[in-house]
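Let me begin by presenting the structure, written as structure tokens, before commenting on it.
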Amino acid sequence: MNPTVALPYWDSTLESRLPDPATTSLFSSHLMGDINSHGNVYGEHFNNWIVNGRRLRREPGRQGQPFTESDIHTIMGKTDLSSILAFTASRPGCPYPTDWTCLEYMNQNTLLWVGGDISEQTTATSDPLFFLHHAFLDYLWESWRQSHQTPDERISLYPIDSPNCSSGDHFAISPMNPFQPLRNIDGLSDAYISQLYTFAPRPMCHGGVDEECHSKYLFCDRSHGYPHCAAKIKPHGPCAGFIRGEKPCMGGVCIEGLCREANMQINQKAAESSRSKHRLRKRDELCFNEHECCSIWGSNGECSTNFEYMSKWCRATCRWCIPSTYDLRIECSDRHSHCSSWTAQGECRKNYLWMTENCRRSCGKCDKHRKDVCKIGQPYDPLSR
């Protein structure tokens with residue numbers, strides 16, 4: 001491998017954490033291009049990006065949504081290949097029901113959210129963001145394979161060949177156009193990962209500091225459950241809700257719920273005073289699980305047998321960190337001092353998995369025991385709850 005060659009992937013959960021994801025710094029002239037009132041993309045790299053004789057178009061936020069952490073948990077919680085590589089254009093007689101939480105539908109949701117050329121099949125690949133988004137899909141697919149399949153299963157298991165479920169072009173032994181003599185099933189080869197490329201981990205800030213996100217265009221969101229990296233917000237974008245001393249604005253400050261440019265003549269002392277009221281007098285607890293089934297999985301030995309997944313989502317159960325302000329053994333409690341206020345803000349639904357695990361009492365989940373909800377070996381779908 002040549003470490004100087006890389007294709008970035010776009011983890012759009014970084015956008016989903018914002019009050020208005022469309023105001024992400026990604027859609028700025030410095031990165032993937034700003035957007036004018038007509039939907040035309042412009043900026044340092046996109047002023048002359050032409051599609052069918054006109055400028056590249058995007059219309060973010062009109063429909064669909066970017067990936068969310070709940071989406072990632074849903075994908076990684078699936079245990080059957082047919083629920084990952086699902087049939088999305090089946091005919092009557094296909095034995096597999098439509099799975100609206102499969103990877104393909106989530107992919108389309110994000111393309112619809114970006115809007116413009118990327119949301120149309122005939123022009124989608126004209127937007128460079130298409131390839132960065134699909135690189136993230138590849139990351140999710142490979143993460144699922146590593147977590148749920150043996151080496152032999154990874155290179156041999158393929159969805160059934162059925163004309164009622166998909167076009168023959170998608171069958172296992174059909175040619176991988178235009179890369180003949182390769183067949184579709186050859187795409188399962190481990191050679192891609194072992195010989196050609198590997199994936200960098202998603203941006204995480206378990207310690208609660210911006211520097212862990214490794215980009216000046218990201219910050220650590222500490223106000224909505226467990227700390228997560230998030231995209232910074234463009235000037236004039238809404239920034240309300242970040243109450244724990246974050247700096248969510250790109251090249252500016254958050255004043256009265258909006259990102260203001262740093263060169264504006266604003267009373268900075270007043271802004272500092274407003275932010276300082278919300279700074280913590282002591283460091284908050286930072287050791288949490290991110291899934292309500294962690295204790296059940298941990299008791300089944302998953303901390304060692306499913307290391308990659310558990311090390312990300314079940315850090316407290318697997319003792320990769322030790323909580324100092326709550327007892328992990330208590331079935332129903334609020335593990336964070338802000339559980340009640342987050343519940344009032346609707347986080348029990350918007351941040352379902354983390355809140356159900358760590359704000360169980362405030363979210364009204366005490367009537368269900370984890371051992372009854374989390375069945376070993378069964379897929380977990382939070383959207384059905």
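A Cβ is built for glycine as well, from the same backbone N, Cα and C atoms used for every other residue.
Marked as disulfide bond by TrEMBL: Cys287-Cys321 (among others). Taking a C-beta cut-off of under 8 Å and a sequence gap of six or more, Cys287 (disulfide bond) has these contacts in its own chain: Arg315, Ala316, Cys321, Ile322, Pro323, Ser324.
The domain 'ShKT' annotation in TrEMBL covers 287-321 (among others). The predicted model assigns the domain 'ShKT' (287-321) a mean pLDDT of 84.
TrEMBL lists Cys332-Cys366 (among others) with the feature disulfide bond. In the three-state DSSP reading, Cys332 (disulfide bond) counts as coil. Cβ neighbour count for Cys332 (disulfide bond): 12 (other Cβ atoms within 10 Å of its Cβ, all protein chains included).
Within the same chain, residues 69-70, 73, 224-226, 241, 284-285, 288-292, 294, 323, 325-326, 382, 385 sit at least 6 positions outside the domain 'ShKT' (332-366) and bring their C-beta atoms closer than 8 Å to a C-beta of that stretch. Annotated domain 'ShKT' per TrEMBL: 332-366 (among others), in sequence order.
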For the domain 'ShKT' (287-321), sequence-distant contacts whose Cβ falls under 8 Å of one of its Cβ atoms, 6 or more beyond its ends: 69, 73, 76, 143, 146-147, 204, 206, 226, 328, 335-336, 353-354, 356-358, 360, 365, 370-371, 373-374, 376, 380
Count of other CB atoms lying within 10 Å of the CB belonging to Cys366 (disulfide bond): 12
For Cys321 (disulfide bond), the number of other Cβ atoms found within 10 Å of its own Cβ: 14
Composition by DSSP (helix, strand, coil) of residues within the domain 'ShKT' (287-321): 17 helix, 0 strand, 18 coil
